[in-house]
Amino acid sequence: MSALTLTASKNTQTMTLDLPLLGSALALAAIGLIMVTSASVDFADDANGQALYYMWRHLTYLLAGVAVGFVILRLPLEWWHKQSWLLLVVALGFLVAVLIPGIGRTVNGSTRWISLGVINIQASEIAKVCLAIYTASYLVRRLDEVRGSWWGFAKPLLVLMLVALLLLMEPDFGALVVTMCAVVGMIFLSGVALSRFAALLMFCVGSVALLAVSQPYRLKRLTAYTDPWADQFDSGYQLTQALIAFGRGEWSGVGLGNSVQKLFYLPEAHTDFVFAIIAEELGLLGSLLIIVLFGVLLWRGMYVSRVAERAGQLFNAYAGYGVTLLLGGQALINLGVNTGLLPTKGLTLPLISYGGSSLIISCLCVAILLRIGSEAVSGEQTEDESPKVKNRGGAQR
């Protein structure tokens, strides 16, 4: 494993960080800062009279995310394991609080944010990480029950259904899909019987399909997705403008800062559709770079989780799988929406899009994966050294 080893001088504790994981995350964050600045300059100047308004806010959120990441790196994964019930309460607490009038903040018809003055906290961003950690803890504590009985298999799904209900009340269908994919993926990776997983998968797909057509605005988005040009000035407007951005970018792009679509043509150019601006300004080559960096990030996330599983650190492994699936699922959906492969959904691109809660939580997830990788390496080293200690003891006798 390509790694960077850090040593704390006071207690001589070492921490080994996975370099490809860390490097890909830093590269995505740096590109995100540049592209958010480029995509938001004209919008910020028109809305606030300050061209760099969103750049400074994004940089502040990024630094806050790095600070949170440093704290998370110092926390043993055992702490998360012990606090799993508390984290579930926190998740449910945020999802309930955002629905209380006067606490939740409504934007574009959705009540997803809790306003704390200078920052708006998106409840679903916190809830999905807490739920992934709780699910990892449950799988470790009840692994035989999950694998051996329908009731043990159903228990975490009941918690997921409660969270899903609260997310639908906001509504936040995108966060629901990402969270559901992560939890279902964690259950599959725990070794559950294939027949049960197939039944669960069919239930989830059916539920998502039913929810997608149950509300007029979701159905409208779905029909617009199939043929956005049929209603390019209404329901298909956002997607057609994104596709125009991709078409203008061609191979190498129109150049950094030279996007036309960000000039009030493409809504949410610095948030949900920043990838379309990347494609326009940096072209196909720049878009592929983003995809490759996400591929490296997700590969290393799954890799360090697998190493933890081989080292017998099951909670670390399942938590790593869950966090990686959260990042990967959200990135995949965002890229699919931007390219017209999936219906339009309000999800940010992790580590790149503007958004305080999303950026900080993404940094937290990366820090958790780095900590998992560090503990996994320590576990492997302990296993390798233990026979040698035993042999030395025998020689002394």
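Glycine too: its Cβ is placed from the backbone N, Cα and C atoms.
Database features, via Swiss-Prot:
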TOPO_DOM  1-18  topological domain 'Cytoplasmic'
TOPO_DOM  40-58  topological domain 'Periplasmic'
TOPO_DOM  80-83  topological domain 'Cytoplasmic'
TOPO_DOM  105-112  topological domain 'Periplasmic'
TOPO_DOM  134-148  topological domain 'Cytoplasmic'
TOPO_DOM  218-272  topological domain 'Periplasmic'
TOPO_DOM  294-316  topological domain 'Cytoplasmic'
TOPO_DOM  338-348  topological domain 'Periplasmic'
TOPO_DOM  370-397  topological domain 'Cytoplasmic'
TRANSMEM  19-39  transmembrane segment
TRANSMEM  59-79  transmembrane segment
TRANSMEM  84-104  transmembrane segment
TRANSMEM  113-133  transmembrane segment
TRANSMEM  149-169  transmembrane segment
TRANSMEM  173-193  transmembrane segment
TRANSMEM  197-217  transmembrane segment
TRANSMEM  273-293  transmembrane segment
TRANSMEM  317-337  transmembrane segment
TRANSMEM  349-369  transmembrane segment
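DSSP labels the residues of the topological domain 'Cytoplasmic' (294-316) in these numbers: 20 helix, 0 strand, 3 coil. Taken through DSSP, the topological domain 'Periplasmic' (338-348) splits into 2 helix, 0 strand, 9 coil. The average per-residue pLDDT of the prediction over the topological domain 'Cytoplasmic' (370-397) is 61, rounded to a whole number. Only sequence-distant pairs (6 or more apart) were considered; of these, at least three Cβ pairs between the transmembrane segment (59-79) and the transmembrane segment (349-369) are under 8 A, so the stretches are in contact. Touching of the transmembrane segment (84-104) and the transmembrane segment (19-39) is ruled out by the presence of fewer than three CB pairs under 8 A, sequence neighbours closer than 6 excluded. Most Cβ pairs within less than 8 Å of the transmembrane segment (149-169), among stretches 19-39, 197-217, 273-293, belong to 197-217. Outside the transmembrane segment (273-293) by six or more residues, the chain places 24, 27-28, 31-32, 35-36, 38-39, 238, 241-242, 245-246, 248-262, 266-267, 334-335, 338-339, 349, 352-354 with a CB less than 8 A from a CB of the stretch. Counting only same-chain residues 6+ beyond the ends of the topological domain 'Periplasmic' (338-348), those with a CB under 8 A from a CB of the stretch are 108, 110, 172-175, 177-178, 212, 221-222, 224-225, 228, 238-239, 242-243, 246, 271-273, 275-276, 279, 330, 354-355, 358.
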